[in-house]
Each structure stands twice: as C-alpha cells, then as structure tokens.
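As recorded in Swiss-Prot, the features of this protein are as follows:
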type: BINDING; residues: Pro32, Asn33, Gly34, Cys35, Gly36, Lys37, Ser38, Asn39; note: ATP binding site
type: COILED; residues: 173-221; note: coiled coil
type: COILED; residues: 288-327; note: coiled coil
type: COILED; residues: 365-496; note: coiled coil
type: COILED; residues: 646-698; note: coiled coil
type: COILED; residues: 743-880; note: coiled coil
type: COMPBIAS; residues: 765-790; note: compositional bias 'Basic and acidic residues'
type: REGION; residues: 497-517; note: region 'Disordered'
type: REGION; residues: 760-790; note: region 'Disordered'
Amino acid sequence: MQFQRLRLSGFKSFVEPTEFRIEPGLTGIVGPNGCGKSNLLEALRWVMGANSAKAMRAGGMDDVIFAGSGARPARNHADVTLTIDNADRTAPAQFNDDPILEVVRRIDRGEGSTYRINGREVRARDVQLLFADASTGANSPALVRQGQISELIGAKPQNRRRILEEAAGVSGLHTRRHEAELRLRAAETNLSRLEDVARELETALNRLRREARQAEKYKRLSSEIRAVQGAVLYARWTEARDHLERTTSEATAAARLVEETARASAAAQVAITEAEAAMPPLREEATIAQAILGQLAIQKDRAEREAEAAAAEFERLSNDLSRIDADRAREAQAKDDAAAALARIAPELEEVRALVAAAPERGPELAAVAKAAEEARAAAEAAVEQLAARVAAEEAQGRAAAARLSEAEARANRTNRALEQARAERAAVGPEVDPAAADARQRFANAEAALAAARAALEEAETARVKAAEQEAQARQLARSVEDQLGRLRTEARGLAQLTAPRSKSGHAPALDSVSPDKGYGAALAAALGDDLDAALDPKAPSYWGGAEAPAPVWPEGAEPLAPLVKAPPALAARLSHVAVVTRANGDRLQKELKPGMRLVSKDGDLWRWDGFVARADAPRPAAVRLEQRTRLAEVEAEIDVMAPRAEATTIALKAAADRLRAAEDLLRDKRRGPPDAERLLTQAREQVAKFEREQALRAARAQSLDDTIGRFEAEKVEADAALGEAREAHAAAQTSGDLQPQLAEARQAAAQAREAAGAARTALDVETRERAGRQRRLESLERDRADWSKRAEAAAKRAESLEGDRVKAAAALEAAREAPAALQEKLVALLDEFAAAEARRAKASDALETAETTRLNADRAARAAEQAAGEAREKRAALVAHLDGARQRFAEVASAIREQARMEPEELGRHVAGEAVAVPKDAAGVEAHLFALERERDAIGPVNLRAEEEAQEYAGRLETMRSERADLSGAVTKLRAGIEELNAEGRERLLAAFDVINANFQTLFQALFGGGQAELKLIESDDPLEAGLEIFACPPGKRMASMSLMSGGEQALTASALIFGVFLANPAPICVLDEVDAPLDDANVDRYCNMLDEMRRRTQTRFIAITHNPVTMSRMDRLFGVTMAERGVSQLVSVDLSTAEKLVAA
C-alpha cells in the first residue's frame, strides 16, 4: 500500500479544507515556528487511530477541533481523510476489493470519533489493524515527532523493543494474540461455569432422589390421616352436644343472680346522693379559709423581704462609707508623692539646664575640619585610581594590539582563499531553462482547475447532504417532540376525564358537573357547598337540589357575593346567594356579623359559618379537587386543539426533509465519481512539473548560494583588510607608551596619609555630637517628668474634693437607714399573729370537709361494689348466653361438617367409626392429639415435590448432555492454547529474523554515518525475544564500545537515526515522517543525514516527509511545501521554491 494524499478540514489550525499530497521520494515541509507544521504529522497519526489526547498535544480529544481565532468562530467538527493506493491488494480481506482506500476519521464536539473506510463505518480497531498489517500506524517508529529521537535515546530497553516489533510486522500478531487470549479466557471461564453447573445438577439430582422417597412417605401418611379425620369429627360432635346441655343450665342460674344484684345497687345510689348534698357548704368554708391564709402568707413574705432589704441597704451604705474613707486616704498619699517628686526633679532640672547653656558650640568647627579632610582623601584616592587605570590600560593595549595584528593577518589570508574558490565554483555553474517546463505548468494548471471544480462540486454536494441531514434531524426531533407533547396531553386528558366522570350510583349527574366558577374561585365554591355538590338536579334522584326562594342578604363591608362569580343552575341560586367571599385576614372579624344561614369563604378555601363553625383551607375537600380537575381538563383540551394541527404540519415537514435528504445523497454519490479521474490527470501533470522545478530549483539554488557566498566573502575581505591596517597602527602606538610606576607609588602614599587625617576628624565630630545630644535628651526627659507629676497632683486634689462630697451624702443615707429594720420587724410580728388565726380556721374547715368526703367515699365504694356485683352478674349472664349461642352454633357446625365431609348423619358416623379397624383414643382430645401427631409427622417432612421422580429423570438427561458439551469445550480450549503458542512461535521467529536484518543494517549505516567505528544491537533482560529489551552498543571511530547512554548528544542523535533507518531497510513502512530530526546536528552531520535519506529513497519504496528549518536539508528535497499563518491562528499549505523556503524559515 502507498499513501497518496492527506486531507484536513477543521483539524487544529487547518480550519479550511487542505490537501497535502504524499509523493514518492523526499518531500520537505518548511515554515516559521508555531505555524502548524507538526499538525500535519499529528493529523496523520490521528487518522490512523491515535486515541491519546496527550500524544496530540491536547487536554482532551475535542481539543483537536479548531477552537476559533480572533476573526473566525470555533468549529464543531473536524475530519481527516487519508487516501491509500491498494493496487497491490495487500489490505485486509474485507477491504482488499478496492484499488483505492479512503480512510476518514471525523470527530464531533462532545460526541466522539467515527471511522469510515470507503464510506463504510468501521471500528477503530479495524483501522488500527489495517495500518498495523502495513507495518505502520499511529505509534509507528517511522513517524518521528519532535523529541522522539531524544525519547528513543533515553527509552528503556523494553520500550525500544517496539521498533523491532513494527519492523517484524508482529504488531498485528500482538493484537490477534490478545484477541485469542481473550477468547481463551472466555472459553476457560465458560468451562469453569459449565463444571459448576454440572456439579449443581449432580447435587440437584441427588436432592430429587431424596425428595422422591419423601413423597412416598407423604402419600402413606396422608391416607392414614384421612382415616382418623372421621373419628375426630364424631368425637367433636359428642363433646359439642354435652357442652350445650351444661351451658343451658348455667344460663338459667345466672339470670336469677342478675335480679338480686340490681336491687342492691339501687339502694347504694340513694346513700351517695345524700352524702353529696351535705358537701357544698363545707367546700365553700374551706375555700374562704384557704384564700385568707394565702393572702396573709403573701403579706408575710413581702414583710420579710422588706426587712431583709432594709438590713442589706444599711450594710451596703456602711461599706460605701468605708470605701470612701479608704479612697480619700489613697488620694492624699498620691498628692504627697507628687509633691515629693516635683521637689526632687527641680534641682536636677536646673543643673542640666546650666550644663546645656554653658557647653560651647564646637559642632560647626569640627564639621568643617572633617569635610576638608574628607575632600583631601577623595582627591588623593582619585589620583591613585587615574594613575593605576593608565598603567593597566597601557599594558592591556600592548597585549591586545599584538593579538589583533596576528588575528587580522590570519583572517585576511582565509578570506582571500575562500573568495578565490567560490568565484571558481560560480564560473562553473550556468543558468539553464527547459522550454517544455511552461507547457507542463499549463497542463498542471488545467488539471488543477478541473480537480478544483470536481472537488468544489463534491464539497457542495457534501454540504448540501449535511445540511439536508441536519434539517431532517431537526424536523424529526421537532416532530417527535410535538408528538410526545400531544401524547402526554391526550393521556392527561383521558385520566382527567375518568376522574371527573359522574360517580353517582343512581345514574343521575351531580350538580358539580353543571357548575363553573370563575378562575381562582374553585376552592371558594368547594368550601361553600362541600359534599352537597354531589347531589343531583333531577328530582327523581335520592338526593337532589330542588331550588328555593330566599331573600338577598345584606353583607358587611369587605364581603363580595359569590353568586356572580359562579355559573350555576337556578336550583343552586338560593344557596349561593347566602355565600360571600372575603380575605383570610377579615374572615374571623366578619363572622360575628353573619345572620342565620349566611357563610363566608376565602379564595384559598377557608369557611366561616353563621353558627360559629370554621374550616381552614388545609381541610380536605374532594369537591375542590374535582373542580380543579375539571378546570385542568378544559385547559388540556384547549392545548390539544392547538397541538393537533401543529403535529400534522411537523409530520408533513419531516417527510419533505427526508425526500430532500435522499436527493442530496443521490447527488453526492454522483459527484464522488468525478475527483478520482481529475486527480489522476493532475498527478501526471504534477510529476512532470515537479521534475522540471526540481532541476531548475537545484540550479537556481546552487547559483544563488554561490552568489551569496561570493558577496559575503568580498565584504569579509574588505573588513579583513581594514582590520589589518588598524591592528598594525595600534601595535605601533602601544610600543611607544612610557613608565608611570614611580608616580603611582607616590600617589598611593599621599592617599594613605589623607585617609588617616579624615578618620581622626570624623571621630572628633562624632564624640561632640553624641555628648550634646545626650544632654539635650536628659533635659527633655526631666521636663516631661515634671509636667507629669504636676498633672498627677492636680488630679489627686480634684478626686479628694469629690470624695469629700460623696462621704457627706453616704453618712446622711446611713443615718436614715438605721430606723427602717425595727419598724418592719414590728409589722412582721403583727402579720404572724393574723396568719396563726387564719391557719386554725383553715384546719377546722378542712377537717369538716374531710369527714364529709370520707362519708361520701364510703357510700361510693359501697355503690361501686354493688354495681360491680351487678355488672359481674350481667357479664356472667351475657357470657353464658353467648356461650349458649356458641354451643348451639358449635353443635350445628360440627353436625353440618359431618354431613358435608362424611356425607352422613352424626349418629351414622358414630356407627361407622365404631366399625373402623383404626386404633384411636375414645375422647376427642385424644383423637385430635393422634391426628395432630400424624399431621406433625407429615409436616415434618417439609415441602414435598410430588414430581420429584419425573424431574430426576429430566436432570439425569441434562447432566449427560452437559458432560458432552464440557468435553467439546475442553477441546476448544486446547486448540486455542495451541493457536496462541503458534502465534508466539511465529512472533519469535519473525522478531529474531527482523533483529538479525536490522542489526546488520544498523552496523552498516552506523559506519557510513560516522565514517568507521562499530555498533551492534543486543536483546537483554529476558531469554524470550517477545519479552526481551533492546540495548544499543556503539563505538565511534577512536572510542571504546559502550552503551548509547554514554555517548555525546550528537553521537546519540546519529546513532538513533541509524537505528530508525535500519528498521526501514528491514521492513520499510509506506511512509516516514521526520519532524525536525536534523535540528541538533551540525552542518557536517546534516549532510551525512541527507545522504542517508537519499540512500533510503533509493533502496526502499518509502515516501519520506521531512519537517525542517535547515537550508541544507531543504536543498536536498525533491519538493517543498510551506506552512504559513498569514491569518493569526489559521494555517495554510503552499508549494514553495528554495528561495521562498529560506524566507519562510527566516520569518
């Protein structure tokens, strides 16, 4: 297979449809940094099935879609198409019928990628296998991205093995082996499950055999139980007959006891009435005595609290007086301390002032002396620096002049030799122009125009098809949405119609169906009429509205009559005329003004009736719900009337859109047949033009290069001659300089003396400044202390004066508080006497009431005992009556059960049981116990499978079938394991064969690149070639053999390049992309690199694409394409000549 062209649309920076032709030989791609050259390589990897966003330099796969620029909006999809020539029929079987394969990958934002081969949608794995079988793919080592050489150098041996696998063509084997292993694991899992199922069937078969034995025992016990059940029935009938006779006699005795206890209970009630009549006067006296006692207790508690408060107030005032005396003493002490401090500060302050006034002002004099000494020091040091600089400059000038003279002479000689050689080479090159080139270009232009027209027509057809598909999808979505909405409305309408259908059992329509309130008043109407709305209007109904005359009521202000707000039949007019609507806030207030028959409601459903009844809105009202349902039904039916025509219109629009889509697809199929013929003609014309352009470009490039070289060498010769003259003059001047060393020594001695004098002057000035500043700071500190103590003395005097006034007030309040406790104590004593008298009165009244209560309680207990006895008698009689009824019913039920179950009368059953041979007890309990024992034994068996025998036979047949299937599956597992071993063996054989070939090629290419030396590849880390790592050992000329990690950067790059090209020679891939592989190489190595490219082109059918910035590499290409970004953020692909390529790179 051969790659022919790559077409991009909306991929990264290639927003416009762009086609890149992949021709035989060497194709170069040039352009400035950041213009999108590497996007071509990433598009090729992407269309071959790359699934890593990181490998695409993207955060997510949606990032490969054009994200927009300043002038262009973002796209929502991107697609890349790779056209492959399959004339040799080497594609997989499902695609091998077509001579041309067109692989398309399309991604829609947020929806993922789809793959198509010749228009048929396929899986990503199918695309990956297609390229893997051709020894290429998204991760092929033949696609060398930026930095991949460095990654190969730094890769682990295990990771390097991948290039061997690609060269050996075992990448597809890996995938097939993985699929076989998956099938093997699935088969082993199925085998394990089959064995589990077989074990389960064996267990189930054993269980069914046990169940068959249990079923046999179950049948035997059931037969015996049926024989005993007749004896149980007869024993129950005998007991029921005897129980009926006993209960009849007990009921007669209980009736006589009820009459006696009723008379005793009536006498006890008379005693209770007499005792209760004597108690009200005693209760009144006890209440009065208790009230008086409570009032006196309150007064006593108040007096006690007042006495305690007076004592506490006296104590507080005493404490305040003591505190004031202590504060006066403290302020007096503070005043004395301030006076003492002021007396101590005054003499010291006068002394410091005298020192400050007496000290002479020597600062300016000393500052002037220090300044003069510093100026002298600076002048001396400046003189030393000037002399030292002159000495150093003269020495340096002498050395530099000699070096420049030698260098200028050598440069002039080199320039003259190079200029002569370049002129000789330029004379040998002459421009030649082929007249046939113009005809070839015209044919190429015509073919290109024809292809552009065919593609434009195809693009228009594709656009029309996409547009039609979008319109059809929109129409389908709209039709589905309208249909769904209409269906929901119709479903809701049917449900509401069922809920609101008349529910009267008599068949008469309720009044609710004839009532229609205004919007928002449904809850008010339901609150006003409630369940009365379910009554009919037909007089023949069990409950109906007959209508009545009623005067119109007068409503209070704020109430609005409900009748005008409701459409209702005349029969409801009287009821509605007595209902008004109010707000919830006014309902409670206006309810008091209602007359009989009137009621108020709110819009929320609250109800206020004239008789005081109130029902809030949250109370459930079925009538309100039905009114809301009827209102919603009317709204839904109106919406259905609107939606039905719209649904019909969308259906018609969908059919029209589908017709347009089919027409667009037919047109697209017709237009797709046009571009292939035009492309074949264009390919032929392009090859002829490319041949002429290559020859002319090589000649022009060589001539231009030599002209530029001659011009550069002539300019360099002029510069070299001028530099030689200047160097000679500078060297002569440097020899005439004098000796300045004695002057420099004298200047250094004078500078040292000036520094000593300046230091002494600065020291004297600093001492004087510090002493004067210290005296000034001490003076300021003493003045601040004197001011502070003065303020303290004034504040203490003011506080003492204030405290004196507080003490006078506190003494007066204390004197007044001395008399209050004694007066309050006398009041408390008087209240205690009154409290004792009231307590005695309350005790007397309580005793009398307690005696009366005791009498009433005794009578009550006697009445309750009599009533209890009467009740017990009645209960006993009722119980006996019930027992009698139960005995009669039980006797009848047992007799009926005998007739139903045994088909005979009880007496006949007794004779039948007596004649049975079954040994059972004589009493009913014993017979039932025996029956219970038999039933318990049967129940102990548990659930019984009566079909166990048939199921056991069925399970035995299934088990035999499953054993046969297990044998077949075991054979399949053995075959899969053998197949995997065969794949592994084939992979090892092919990998070792490829290793030997690649190793030999690598050694040959290494020696060609380095001009000698040795190199070899080794498999390490495992004896199995499929698991081993690949290590590179190399020995450039003049060095020892070592691993590649110990070589220099340039040597590593050349060695890695030799390995990559060695892979090509072993199993050439259809395409090789080299993204700036020559970037780390110098000019000599770039030339070797290009020679190797020429050799690979000669020896293989691989088509090489080199992305480069190197002019040498450009000049060795068969054709050049440029990637530009004239519009910010948008890449364009153009054909260029060599001079244009150099300008692009310089940009």
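The backbone N, Cα and C atoms fix where each Cβ goes, glycine too.
Overlay of Swiss-Prot annotations on the structure.
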{"residue": "Asn33", "record": "ATP binding site", "contacts (Cβ under 8 Å, 6+ apart)": "none"}
{"residue": "Gly34", "record": "ATP binding site", "contacts (Cβ under 8 Å, 6+ apart)": "Met1125"}
{"residue": "Cys35", "record": "ATP binding site", "contacts (Cβ under 8 Å, 6+ apart)": "Ser13, Val1123, Thr1124, Met1125, Ser1131"}
{"residue": "Gly36", "record": "ATP binding site", "contacts (Cβ under 8 Å, 6+ apart)": "Lys12, Ser13, Phe14, Val1123, Met1125, Ser1131"}
{"residue": "Lys37", "record": "ATP binding site", "contacts (Cβ under 8 Å, 6+ apart)": "Ile29, Val30, Gly31, Asp1075, Ile1107, Val1123"}
{"residue": "Ser38", "record": "ATP binding site", "contacts (Cβ under 8 Å, 6+ apart)": "Arg145, Gln146, Asp1075, Ile1107"}
{"residue": "Asn39", "record": "ATP binding site", "contacts (Cβ under 8 Å, 6+ apart)": "Leu8, Phe11, Lys12, Ser13, Phe14, Ser1131"}
Positions on the same chain near the coiled coil (288-327), where near means CB under 8 A and six or more residues out: 799, 803, 806-807, 810-811, 813-814, 817-818, 820-821, 824-825, 827-828, 831-832, 834-835, 838-839, 841-842, 844-846
DSSP three-state assignment (helix, strand or coil) for Cys35 (ATP binding site): coil
Cβ neighbours of Pro32 (ATP binding site) where a neighbour is any other Cβ within 10 Å: 17
Averaged pLDDT, computed only over the residues in the coiled coil (646-698): 79
Shell list (ATP; ref centroid = CB of Pro32, Asn33, Gly34, Cys35, Gly36, Lys37, Ser38, Asn39; cutoff 8 A): Ser13, Gly31, Val1123, Met1125, Ser1131
